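Before any comments, here is the structure.
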Amino acid sequence: MISQDKIRLNDGTHIPIIAFGTWTAGGGSIVTERVDQALEVGFNHIDTAQLYRNEEETGVAIRESGLSRDEIYVTTKYSGFKDIETSIQDSLKNLGLSYVDLYLIHSPRLAQGDIPALWKKMEKIKADGLAKSIGVSNFQVNDLKILLKNAKVVPAVNQIQFHPYVYEQQRAVHAFGHEQGIITEAYSALIPITRRPGGPLDAPLNKIAERLNATPDQVLLAWVKAKGAVTVTYSSKKERLEGYLEAMELELTSEDIHALDSAGAKKAKFAALMRPVLLLSLISLTYGVLRFCNIRM
């Protein structure tokens, strides 16, 4: 089992540099099986959300793992189905926990035009001990500036789509976060391989992978780590999960990073790349609402 490095957050806590995400894991017992497998392989950071409608199944896997509470790092997110005070209690009940390690606002849109007011409630959740760390997801620079203007607690994390094909567009929020002590968490880091194969990244990814005796997906995850970001990823295959953990041991050269940045900048515009992810988010939201209302699809 590979030991996972951790990054120190601005509140003094530490977050594992790679997480197993349950967004695409679906629902029901299969989620428990997938999380069980991830924990068995060596993941100790599990990322879920109210929106995904699989917190309860995730909680079953956590309990079945036999790991003590301080051996596992749990992230979940406020997705706006209920008020935030009820939502955190629901999430804790579903997960079978007394606190989560990290609680995120899933989107700035959930603030309904008043980000400072929602963040104040997040600060209370932290003060009450229901979350050790609090942060945001899908926030851009202006959203963060609005939040920080009256914040008593700086977000620990901003979870965003982050890979070489969107790096130019996400560079500003990544850099701003770094200035403010906010760690970037990367979701959909493998899109250049899983949804956009055949692009400019293929050549440098394959070249670097061959030199390092690694795979292209491992190189992408190593790129995320090189940018100082945390990875949230998923696979149903045990061997791939093992490979993802091994990727955290890879060290890219400055030339490698420059080659990937340059190739990524040649890809299509950000909006075109984001469209499939936005569509998936809409589908996921619809599915979540239907499940929440006990409506079969």
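Note that Cβ sites are derived from N, Cα and C of the backbone, with glycine treated the same way.
Keep in mind that this is a model prediction, so the values were computed, not measured.
Here TrEMBL flags Tyr52 as active site, proton donor. Sequence annotations record features per position, and here TrEMBL assigns substrate binding site to His106. The domain 'NADP-dependent oxidoreductase' annotation in TrEMBL covers 18-263. Feature annotation from TrEMBL assigns site 'Lowers pKa of active site Tyr' to Lys77. Under the heading transmembrane segment, TrEMBL lists 270-290.
Shown here: features listed in TrEMBL, placed on the structure.
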residue: Tyr52; record: active site, proton donor; DSSP class: coil
residue: Lys77; record: site 'Lowers pKa of active site Tyr'; DSSP class: strand
residue: His106; record: substrate binding site; DSSP class: coil
Checklist entry - If you measure the residue listed as 'substrate binding site' to Lys77 (site 'Lowers pKa of active site Tyr') at Cα, how many Å is it? => result 6
Checklist entry - Average pLDDT across the domain 'NADP-dependent oxidoreductase' (18-263)? => result 96
Item to check | Alpha-carbon spacing, the residue listed as 'active site, proton donor' to Lys77 (site 'Lowers pKa of active site Tyr'), which is rounded to whole Å | outcome: 9
Checklist entry - Given the recorded positions Lys77, His106, which one has the fewest other C-beta atoms within 10 angstroms of its C-beta? => result His106
Next on the checklist: Please give me the CB contact count at 10 A for Tyr52 (active site, proton donor), counting all chains in the structure.
Outcome noted: 26
